[in-house]
């Protein structure tokens, strides 16, 4: 999965997919009542990027729905996965469940079209704080009470705080999650970070009793760091330059071993090295 980083304006969906992304990451900010409000990152952000592009969350979802609904004039067949980077840092811990419920209702209405031929992309809910695990249970409760528990098949999870892998496993246990687990590791492109924790995550994925299904690394903009991440065995790379990742995947060393994921590749299934 080539994951376009910080895609917060509808116009950027086309831009990143046309550069080679089959997945995008979108920031979601919340208001003080735990409603998802804007697709917005804010300052500071990655070096070389504009930090302030934004849409109202529900409007972004409608644009995203068009981009992922077969037959729509804006449809991109290769856009198959969306990571919502949930900026829950503005919320109190006890608002996490509410945030999950409100997020689910927004998605149901504006992305899944109330279960009637909505967008088809798989969705990853990426949560920065292990203490906010109830966002997952709230999300699930809302979809169930709205009569669409089947949509949970399209939803996966990520805790993005670079926490100890054992602590992440524990948070999933509390949330009642088994499966659909993506594990991110990384740092802003302005800094360097080693691959030690990525290797631990890959080892967990490849073990018989690990909780991780997929591992992705962020934010990778250079050819050499792309090669290093691929050599470590990641499933996804988040980037500001999807064309760089696509170029490296075309190199003879990687062409035989990796390919770009399509809609038929189940993002919740573990593919072991």
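The backbone N, Cα and C atoms fix where each Cβ goes, and this holds for glycine too.
Swiss-Prot names 25, 27 as Mg(2+) ligands; from the candidate set 72, 85, 93, 98, the record adds 85 to that same site. Cα proximity to residue 189 (N-linked glycosylation site) (within 10 Å) is found for none of the recorded positions 5, 25, 41, 85. Using a 10 Å Cα-Cα cut-off around residue 27 (Mg(2+) binding site), the recorded positions 5, 41, 45, 47, 190 reduce to 5, 41. It is 25 that, of the binding-site residues 25, 27, has its Cβ surrounded by the most other Cβ atoms within 10 Å. Summary of the Mg(2+) site environment: with the site residues 25, 27, 85 set aside, the chain residues having Cβ atoms within 8 Å of the Cβ mean position are 5, 6, 7, 8, 26, 28, 41, 83, 84, 87, 126.
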